[in-house]
Amino acid sequence: MLRRGLLSFFMVILIDRGTSQLYSSDMCNWKGSGLTHEGHTKDVEQVYLRCSEGSVEWLYPTGAMVINLRPNTLTSAYKHLTVCIKPFKDSKGANIYSEKTGELKLVVPDGENNPHKVYCFGLDRGGLYIEATPQQDISRKITGFQYELISQRTLSDLHTVSDPCRPCSDTEVLLAVCISDFVVKGTISAVTNDEELQESLINVTVDKLYRQKSKIFLPKDNGGWEGMIRTPLECGVKTGMGSFLFTGRMHFGEPRLGCTPRYKDFKRIYLEAKKQGLNPCEISTD
């Protein structure tokens, strides 16, 4: 490798060849063209990104590249991160693999086109290896995706991504209330199931808005708030069923359902923890 330390925050070098390339890159996003790679199809490009979220866009892919993802704070904690990628609509022209010490595992095959599907794996597998597939005509071929790094030590993050239908433990509920992107008390007024995307879109009528980082829930004319949350279809969410405490995270710009206990159960859990001095944060239960 050529001076990896000097160039680690940007798209950097070719392995085996030192020809200069024209790319746009910052710490979070990378965009480049395979047209500058023609004639060097056996070269493997190295890209270094230092961000918790961003995007990669490879126009006219030829040859291969390795995407090295790390958080913007380099500590040993990066080994406990989950990488999630969401391919762009109509992304094509290359296979995407996870890579660990030379071993490749196919994550997204070329041509698999589901604009809402998200692929996740542990960062301890290493980087992403993207290999262009043989093409007679590379024009109009673009391989691209968004990525997010999610802490496996943050229980609400891990629950939302890896096992969204599993009921949360008391500890997970208490932590979710403190660190989720949205926390509301409300009821399920409608559920729309999308068989193609294998998702349910939950319409929530909100009685009490504790927190939201994005404008998920908007005021209603007759008081309260209303908004939509996504969850996998397999979770079997139904309308009615009483009052809940809804928590969750923004995931690729969409609100995803996290821990959602019945409100009466949350109130019991919270008050018991508070009595013992074990509640990680304060929240009104009136």
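Going from the start of the chain as shown, residues are counted 1 onward.
Every residue gets a Cβ built from N, Cα and C, even glycine.
Sequence annotations record features per position, and here Swiss-Prot assigns signal peptide to 1-20 based on sequence analysis.
Sequence-distant contacts of CYS51 (disulfide bond), defined as residues of its own chain at least six apart whose C-beta falls under 8 angstroms from its C-beta, comprise MET27, CYS28, ASN29, PRO71, ASN72, LEU149. The disulfide bond annotation in Swiss-Prot covers CYS28-CYS51 (among others).
Taken from Swiss-Prot, the feature disulfide bond applies to CYS84-CYS120 (among others), supported by sequence analysis.
The annotation disulfide bond is assigned in Swiss-Prot to CYS165-CYS235 (among others) on the grounds of sequence analysis. DSSP classifies CYS235 (disulfide bond) as helix under the three-state reduction. There are 14 other Cβ atoms within 10 Å of the Cβ belonging to CYS235 (disulfide bond).
Secondary structure at CYS259 (disulfide bond), as computed by DSSP, is coil. Sequence annotations record features per position, and here Swiss-Prot assigns disulfide bond to CYS168-CYS259 (among others) based on sequence analysis.
Neighbour count (other Cβ atoms within 10 Å of the Cβ, all protein chains): 15 for CYS178 (disulfide bond). The disulfide bond annotation in Swiss-Prot covers CYS178-CYS281 (among others).
As annotated by Swiss-Prot, N-linked glycosylation site applies to ASN203, with the evidence given as sequence analysis. The Cβ of ASN203 (N-linked glycosylation site) lies under 8 Å from the Cβ of ILE188, SER189, ALA190, VAL191, THR192, GLU226, GLY227, MET228, each of which sits 6+ residues away along the same chain.
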Three-state secondary structure, which DSSP defines for ASN203 (N-linked glycosylation site): strand
Cβ atoms near CYS28 (disulfide bond) (within 10 Å, other residues, all chains): 14
For CYS281 (disulfide bond), the number of other Cβ atoms found within 10 Å of its own Cβ: 10
